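Inspection log for the structure reproduced underneath, given as structure tokens.
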There are 2 protein chains.
Amino acid sequence: MIPREQLIETAKSVYRSYGFSPIDTPALEYTEILTGKGGTESDKQMFRFTQGKRDVAMRFDLTVPFARFAAQNIGELGTPFKRYHVGTVWRGERPQKGRYREFVQCDFDTIGTTSNSADIETLFIIHDLMVKIGFSDFTIHINNRKILNGLLESLDLQSRSAEVLRALDKLPKIGADAVIKEMLEQGNLTQQQAEKVISLTTLEGSTADILNSLEKQLVGNECGEQGVAYLREVFDAVDKAGIVSERIILDPSIARGLDYYTGTIYETFLNQLPGIGSVCSGGRYDNLAELFTTQKLPGVGASLGLDRLLAAMQELNLLDEVSTPAPILVTQMDAKYTSDYLRLARDLRMYGFNVEVYPDTSSIKKQFKYANRHGFKIVIVAGDEEFEKQDWQVKDMQTGTQTAVRKEELLELIRRVLA
Amino acid sequence: MIPREQLIETAKSVYRSYGFSPIDTPALEYTEILTGKGGTESDKQMFRFTQGKRDVAMRFDLTVPFARFAAQNIGELGTPFKRYHVGTVWRGERPQKGRYREFVQCDFDTIGTTSNSADIETLFIIHDLMVKIGFSDFTIHINNRKILNGLLESLDLQSRSAEVLRALDKLPKIGADAVIKEMLEQGNLTQQQAEKVISLTTLEGSTADILNSLEKQLVGNECGEQGVAYLREVFDAVDKAGIVSERIILDPSIARGLDYYTGTIYETFLNQLPGIGSVCSGGRYDNLAELFTTQKLPGVGASLGLDRLLAAMQELNLLDEVSTPAPILVTQMDAKYTSDYLRLARDLRMYGFNVEVYPDTSSIKKQFKYANRHGFKIVIVAGDEEFEKQDWQVKDMQTGTQTAVRKEELLELIRRVLA
């Protein structure tokens, strides 16, 4: 829970630094709000029941409640509206590694604007999130759905986009030949059409090269050309922002399954752990709340994969293996000094240190065992002798060194040990 | 949500500064875990249903899940164990002002020790919470149940403690005479016994005076004497800690209803709004998890009344009436400068400012309307003219002053305006 909470607070502070406001919605929604909005799979997995006369269910994601919330409140909130939402969701599926019946989602979205500026900012936020969490070796893959849509348009295949997307999603797993085969069989594409789709989505080279090739392949198609122009703007902004350019990759192969996305799409990978998949994904959509309101609410956003990130951080040894949020433990040698121990701890807290006071005068051995078990970095000890000399014994738990210092030297010593 | 989230983060940071670890438990528990643990009232209010073969319910408080959690995990966690838990709970009651079907509780507890040191620290935490949240004019009322228990023991009335507590809880509302009457009628006390209870619980004067009077009245009764000794230790520690002494009041009249509490008890009042009741309450108990384990888990803790505090802060005008977590808005005059606007915002974020960039190039009038509506303190504007001169126009939204500055002077100006 300690790293989990840190991660959530980091994410929130990044969202806030970009001017996103927190929202919350109830855990329970009327069932009719939730059913059919996430597909039949979600319906089956809902925790649903009746309470009095109300047919209710626990939310299975934060998107549907956000759509309902936006439809009801956007008149008062006004647009553009930027919100983040860190909340628990529930799915009655079989628990397995990294998948639980109850889990937390961390979403952020900008709605009420079609401007590419919001798409660029979404990319920046994902980037800053990763850096602030503590990663440096990651890549954010971006693409724009307008490119594929433009191609399908020019091939007169708009009606086959669901089948094409479904096949393309399997590209990294099954390879180009199998994807072509599926597009032929499931989507009724011709061999030539399928090859064009594959050729466009498997372009490689520098960003500039890929952009130029895309432009050439899509020339004359407005939708596709706009997609390329938007991507150019994104990379110009990345350049101007001074973001490490290797971290942002133009990847025409990412499609993000659902028809829902219509513009920029994002996936984030840890270079050391590509196998765990994208840890932060999202994209632009044309209409958030079409099921609940006639007002069109276009937007762009992404979702941080909290559980995946924590699993990755554990695997990469990025988590401090402690079970206390305080690095300093003040022990209690003698009950007659309890007020002094408590006072010392308060004084250290004033300087921003988290400090725990062992709550009773158990044997000093037991108190040190407690300190070891929880991973305290510093243990402070004082009995009659120390109080007489006005000293505090400070033990550095990593080196084992114990030093007696006056109170006025204590801060400096603590800062040195914790540094 | 903005002040709500700030309040929760403040509370968590105070808990952590005392070495408390976060825990979380699922929203759903097996119904048998929850039923009968909070009284029949809680049972009636539970959101209960079956999922597959499981009879489950949504937690109605954080104490019962904590007891279950502690019983299952204390062997691995070890004692003492200090945890805080900020979590949503659900009660199917009729919603009314300040009472909702879904609300958040903020609890902290130290379990596994009977030491008075933990009681003192609990008081310090409540004090620091109030100060960090932004209150200065508050009082924490404390008492020790051992005093009343000692008196009842010496009057041979232990078996009547529930009735006596129930009557005493009404003291501020119905007055001493009515409480005496109730103790006579409901508790079968004699007039003399009831008067002794009232005399002890309505003592007034300085802390030292009250402690001396209590000591005199309880002389020879071990339990009562210990209660007085513990309270003396609390006030000694308050004194040594340098806490404003007027903030901590010895109040022999507070009883906190339930039999559950057995030692120090706490209630916290805002001096300007006594009517809203205690905003942070708690106490010491003998056994947290007796329903789930034979291991005895004594502890002490308290709970912050989040919704009450927010209502109070609103009434006292302590809430900043803004609907953005960012004080600075960078507007967009011209789409060809989008990368520059985004870059400026990123640079300001590096210095710790929360900065929003208006997501598109709507009319500048519309962007200023947005800024006013959400309460931005500073609006930054730049078009062709400014980019040519390398200036940024900075508008102080409170004074209306607009100043053109170079980028290198921007930070200083922003700091001055926000100060």
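Cβ coordinates are placed from backbone N, Cα and C, and glycine is handled just like the others.
In this view, A:TYR261 (L-histidine binding site) is surrounded by 21 other Cβ atoms within 10 Å of its Cβ, with every protein chain counted. Annotation source TrEMBL lists L-histidine binding site at A:ASP61, A:LEU62, A:THR63, A:ARG91, A:GLN105, A:ASP109, A:ARG256, A:TYR260, A:TYR261.
Among the features that TrEMBL reports, domain 'Aminoacyl-transfer RNA synthetases class-II family profile' is placed at A:1-327.
A 10 Å cutoff on Cβ-Cβ distances gives A:THR63 (L-histidine binding site) a total of 22 other Cβ atoms nearby, all chains included. Classification of A:THR63 (L-histidine binding site) by DSSP places it within a helix.
Across the residues annotated as binding L-histidine (A:ASP61, A:LEU62, A:THR63, A:ARG91, A:GLN105, A:ASP109, A:ARG256, A:TYR260, A:TYR261), the widest Cα-Cα separation comes to 23 Å. In sequence order, A:ASP61, A:LEU62, A:HIS85, A:VAL86, A:GLY87, A:VAL89, A:SER303, A:LEU306 are the residues near A:GLN105 (L-histidine binding site), counting only same-chain partners six or more apart with C-beta under 8 A. Under DSSP, A:ARG256 (L-histidine binding site) is assigned to coil, being neither helix nor strand in the three-state scheme. Contacts of A:ARG256 (L-histidine binding site) defined by a Cβ separation under 8 A and a same-chain sequence distance of 6+ are given as A:ARG145, A:ASP169, A:ILE265, A:GLU267, A:SER281, A:GLY283, in order along the sequence. In the predicted structure, the domain 'Aminoacyl-transfer RNA synthetases class-II family profile' (A:1-327) carries a mean pLDDT of 93.
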